[in-house]
Structures are given as C-alpha cells and as structure tokens.
Amino acid sequence: MAIAENYDEVLKGKYPAKDHARKVAKWIVDKGGDKKGTIYLEAQKQKLNEDNDGEAPFRQRRYFFYLSGCELPDSYLTYDFPSDKLTLFIPPVEPEEVIWSGLPMSPEEAKAKYDIDDCKTTKEVNPHLASSSETAQSTIYAIPGQISDETTFLSYQNKDLEQLKTAIEYCRVTKSDYEIALIRKANVISTNAHINVMKAAAKAQNECELEAVFLKSCVERNAKNQAYHSIVAAGENGATLHYVHNAAPIKSQNLMLLDAGCEVDCYASDITRTFPIKGTFTDESLAIYKIVLDMQKQCINALKAGVLWDSIHELAHKIAIKGLLELGILKGDVEQIFKARTSVAFFPHGLGHYLGMDTHDTGGNANYADKDRMFRYLRVRGTLPARSVITVEPGIYFCRFIIEPYLKDDQQKQYIDEKVLEKYWSVGGVRIEDNILVTEDGIENLTPTPKEIDEITSLVKSG
C-alpha cells in the first residue's frame with residue numbers, strides 16, 4: 001500500500017507535534033546547539049480589520065503549528081530538550097468574549113486533542129519561563145519578530161534567535177505519514193473541484209463563475225481555506241503566470257488554465273489543469289498540450305530520492321525545445337538552443353517547489369540572484385530527499401511581454417520562427433501540475449486529477 005493511502009484512517013490519530021519538536025531539537029543540537037535548550041514559539045495574534053471592529057482573516061503561523069498542531073490564535077508553546085516536555089498555552093476564558101463567541105477550548109480539552117504533554121493558560125507563560133537551576137544555564141530558542149513584548153527570557157543564560165526558524169524550515173521538507181495524509185486529502189477534495197469546473201466550463205460566461213464552482217466544491221467538503229488565490233485564466237490570460245483577476249468574459253477562447261488547490265488543516269494542495277473550454281482543442285493548443293504533458297510525465301518518471309532537481313528542470317527544457325522544434329516555433333539545434341536559454345522565453349518559471357504547510361514550502365534553497373536565467377526562479381536547488389513533496393508543473397506560454405524582447409535580440413531571434421509563432425499567441429498558456437511524493441525508489445503521485453486528453457475532453461463535454 002502507498003504511504004498514507006488510507007488517509008482517513010491515518011488522520012484518526014493526532015498531528016505528530018511531539019515528533020516534530022524532537023526532530024527540530026535534534027537538528028539544532030546536531031548543528032552545535034545547546035542540549036539543555038528550550039524552544040519558544042507563539043501563535044498568530046487575532047487581529048481586527050483596520051478602522052473597524054471586524055476580525056481579519058486568520059492564518060496560523062506555520063512554525064507554531066508544526067510543533068503544536070494547534071490552530072488557536074494568541075497561543076504559545078515551549079519544548080524543553082532535556083525533559084522532552086511539550087507545553088501548550090492557550091487563552092483563558094474571557095467572560096465578555098463568551099457572550100459573543102461561546103466558551104473557548106479548555107486546557108483539559110486541548111491536552112486530549114493535541115500531541116502535547118501539558119496545557120496551561122497564557123497567564124502562566126512567564127512563570128513557566130521563570131528561572132530554575134536548569135534554565136539558568138541553558139539557551140532559549142525563538143524566532144525574531146515573533147516574541148510578544150510582555151514575554152521575558154531573563155532567566156535563560158543565552159538567547160538564540162537565529163537557529164530555530166532555519167531548523168523548522170529544513171525539518172518541514174520531509175513529511176510524516178500524517179502530513180502526507182493531509183496532503184492526499186487536500187488533493188482528493190481539490191480534484192473533485194477541478195472536475196466540477198471542467199463540467200461547468202462550456203456553459204460559463206465569465207472566469208469568476210468557474211472560480212465560484214471551485215470554491216463551492218471545496219467548502220461543501222469542509223475545506224474552507226484555499227492554499228493560495230486561484231488562477232482561472234481563459235485564453236491569452238493563461239500566459240500570465242500568476243493571473244488572479246479571474247473576471248474576464250469567456251467568449252471564443254479555446255483553453256482554460258485552472259491553477260487551484262484547497263488546504264486541509266494547514267496543509268496545501270497545488271494543482272493545475274489546462275483544458276478546452278468547449279471540449280475540443282485547436283490544432284495549435286493540442287500540439288502544445290501534448291508537449292507539456294510529455295514534459296511532465298518524463299520529469300515525474302525521472303524522480304527518486306537523491307536526484308538533483310536542477311537536472312530535472314534541465315530535462316523539462318530539453319523536452320520543450322524538442323517539441324517546439326518539431327512544431328517549427330523554434331529552429332536550429334537542441335543543444336545550441338538550450339545553451340542560448342531561448343526556451344526560457346516559453347517556459348520562464350521553475351519546474352516546481354516543495355509543498356506542505358505553505359504552497360511554496362520552506363527548505364528549497366532558491367537562488368533568485370542566479371545570473372543564469374534558466375535557474376533564477378527555480379525554487380528548489382539541490383537533491384531531493386525521500387518523503388519530500390514537490391510539485392512538477394512544466395508549462396509553455398505565449399506571453400508577448402516575455403517573448404518579444406527575444407525577437408529583438410540578435411542572439412535569440414535566430415532560433416525563433418516568427419511566422420510560425422504568430423499562429424500560437426491565442427493558445428495563451430498550458431501548465432499541468434501534480435503533487436509528487438518522493439520515495440527511495442521513485443515516486444507516489446498524490447494528485448488523482450484527470451489530465452489525459454481523452455479524460456479531460458470527455459469531462460468537459462459531459463457538463
């Protein structure tokens with residue numbers, strides 16, 4: 001059986017906060033940190049919208065959630081290395097607040113729900129941090145900018161505000177069964193939403209209608225939060241990588257690019273599908289779709305633990321070059337075009353990124369200052385470890401703003417046939433994105449969303 005394949009069964013347990021705390025502590029100690037140290041983290045504060053008394057949308061701090069599994073605002077936690085004790089602090093009962101919001105979770109309820117050793121109210125944070133014979137000789141680890149003014153670390157000999165954030169970011173790269181189960185569940189819910197959008201596309205008159213279909217499908221399955229702002233792009237709007245207006249009329253455009261994913265208990269899905277709005281590709285859009293699908297399949301098949309992500313990104317470009325040469329959009333030799341980086345005009349972004357609590361998850365070691373345009377926006381650099389989850393999202397785009405400077409560049413324009421290119425502007429963009437779990441021997445694809453040509457055209461026509 002695949003890892004966490006029966007995700008509902010896995011999710012009957014508790015979020016593994018204690019294992020995460022141990023993992024982070026080990027990372028710190030292995031890097032020369034204090035074996036007697038203490039981790040201190042704060043939840044996000046509940047805030048009001050500016051100039052009114054309505055609550056702003058709440059998003060839990062991911063660093064806090066990773067060591068707690070707790071989505072309550074205004075909370076705190078500590079993890080003591082020597083005693084292996086994880087303590088959560090949650091807001092006490094405020095009588096006036098109960099009138100409006102009902103009774104909050106009690107410490108007893110929190111201790112039963114979360115993978116922690118003890119739970120107290122936030123009134124006890126500073127007494128808990130007060131001096132003892134142990135803390136007087138140890139180090140407190142915290143994240144700068146995430147320490148309340150009223151919190152004091154005076155009892156600790158050392159205060160380290162550098163290692164903890166980095167430690168958590170690296171530890172988040174490799175996922176537990178529980179985390180994989182959450183991502184699987186988010187993918188299943190999002191897949192249902194993608195299918196519903198495909199079925200609704202032919203009758204839609206505006207991009208916003210299809211965004212509404214996606215959101216409804218997620219919310220009615222209790223996935224009320226989106227991992228990111230959906231991209232619902234018809235026709236040439238799909239050439240804008242992070243198009244978020246989602247409000248253009250749907251008229252004669254051929255393709256719809258839908259990049260959308262819900263989150264489940266703070267864990268994201270990130271799925272892109274491109275499909276013909278009426279169920280039939282044009283010759284040009286079908287040709288580009290076939291290239292992108294080939295790019296994705298070959299790159300996914302090349303993955304396993306220890307593979308260099310840079311090399312997979314290069315593979316995607318070489319497949320794109322070969323395909324565009326066959327169509328006549330590019331001309332010349334594959335290696336010459338690759339060396340000139342001409343394919344970046346059509347595939348300007350990185351092949352993918354780590355996925356977890358954030359859509360663009362931590363630990364990727366991106367180098368946005370890279371002078372090589374092919375790698376500047378590659379969000380993961382280096383080898384992929386087992387149990388990492390990464391998106392594989394190749395694309396080919398016909399964006400005038402990006403391509404036209406290449407047509408004016410003496411080195412680049414020799415590789416592009418402008419007459420052939422002219423037929424493809426209306427394609428806009430094609431991107432196909434799956435969420436891939438890397439294993440020791442290969443991969444598990446966490447994204448069951450249809451992408452084969454016969455599948456997606458049949459779904460659209462069935463609407």
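Glycine is no exception: its Cβ is also placed from the backbone N, Cα and C atoms.
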Asp259, Asp270 bind Mn(2+) 2 per Swiss-Prot; candidate in Glu96, Glu97, Glu422, Glu433 listed for that same site: Glu433
Same-site residue for Mn(2+) 1 (record: Swiss-Prot; known: Asp270, Glu433; options: Glu236, Glu393, Glu404, Glu455): Glu393
Those binding-site residues listed as Asp259, Asp270, Glu393, Glu433, and which of them has the most Cβ atoms within 10 Å of its own Cβ: Asp270
Cα proximity to Glu393 (Mn(2+) 1 binding site), best match among binding-site residues Asp259, Asp270, Glu433: Glu433
Extra residues within 8 Å (Cβ to Cβ centroid of Asp259, Asp270, Glu433), Mn(2+) 2: Ala260, Gly261, Ile271, Thr272, Thr391, Glu393, Arg431
Where Glu393 (Mn(2+) 1 binding site) sits in the secondary structure, as DSSP reduces it to three classes: coil
